[in-house]
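Data first, discussion second: the structure below is written as structure tokens.
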């Protein structure tokens with residue numbers, strides 16, 4: 001099976017753990033608006049950064065949003081155009097978001113978000129002041145209503161009549177990695193990137209997700 | 001300026017040309033749904049693959065959708081957590097989509113989509129039969145209502161009091177490349193990947209986008 005769906009919590013956590021950017025869908029005046037934004041998870045919650053979402057939350061409370069996290073793993077190049085596709089892992093979370101106002105939770109949420117993007121930075125960089133915290137829009141969403149979709153493996157037409165065409169078929173992998181840290185041009189000489197930043201160079205983003213088990217819901 | 005907005009057509013085309021996967025936001029029963037799907041552009045139109053969208057189109061015609069294409073360029077690691085961020089390029093297109101039913105346009109749209117994902121595959125692989133064409137859901141959207149947002153450059157706090165902290169600050173680049181083609185395990189020996197597939201190994205996805213000009217709308 002090239003496509004699998006899953007409602008397992010472990011699959012959801014694995015997809016979320018492998019990234020830091022989501023696409024948030026909010027309905028503004030009846031129209032869906034899809035914006036990229038950073039996220040972090042903590043326990044049963046996902047925290048999102050975003051003024052767009054917070055504006056729509058204020059304008060239309062109790063409105064469901066959709067948060068989608070997608071990792072592209074490769075292009076599926078089949079013998080026929082019809083069987084072409086994309087290998088990906090995708091998590092979709094639905095829920096009514098909550099604007100985080102409690103300063104303590106806000107700090108915890110921002111920490112989760114910062115550490116998701118750049119592990120080690122929360123303790124390294126200057127943490128938010130009370131004023132900065134107030135100026136940051138953070139929203140929280142429960143992970144209760146979520147699903148994972150995974151498309152993986154080679155093309156599907158290896159045992160079709162098209163196999164007789166003698167064409168090459170397979171997957172062209174898509175790999176996302178961290179590059180070498182680029183220092184701020186105004187940084188004084190002699191300040192080197194800390195180990196938690198330096199060590200990410202060459203590391204693959206979006207990895208370490210196990211495929212869903214055989215008993216998962218098929219898509 | 002770290003953030004820029006643009007309504008220039010050239011910027012839109014550059015962001016769209018640099019990718020092949022978008023996030024499509026559709027409203028289904030009042031709830032936004034954000035799904036990743038492949039796209040291709042042709043002239044003033046973007047074509048999208050997708051059964052979800054086509055279902056929602058049939059259920060709720062004349063409903064506006066949002067198509068978002070995002071390239072992540074790096075993590076902005078500032079002196080303060082508050083100034084942390086993501087460097088990215090993002091195009092958002094709004095419009096009422098049209099289900100493509102004319103077989104000729106469908107073929108053109110699928111060609112644009114296939115070539116966007118894998119240039120050269122349309123002529124290499126077996127093209128869709130009439131039956132396959134009928135089984136493919138393709139939607140078209142005008143590029144009329146679109147905007148581009150770009151966040152780039154070093155952190156913003158290089159001239160703030162935080163510069164005195166002596167912390168490293170800069171950007172950790174995020175780079176997406178194509179890997180070595182993986183042959184379908186059932187491919188007979190002796191069939192090598194064609195040049196248009198082989199030559200993509202090591203090539204960077206999402207590149208070749210010039211920054212918006214100085215006269216663009218500021219975000």
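Placed from the backbone N, Cα and C atoms, the Cβ positions cover glycine too.
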Annotated stretch (region 'Disordered', per TrEMBL) among the listed ranges A:166-192, A:193-219: A:193-219
According to DSSP, how is the compositional bias 'Basic and acidic residues' (A:195-204) divided among helix, strand and coil residues? 4 helix, 1 strand, 5 coil
Tertiary contacts of the compositional bias 'Basic and acidic residues' (A:195-204), defined by C-beta under 8 angstroms and 6+ residue spacing from its ends, are 118-121, 124, 175-181
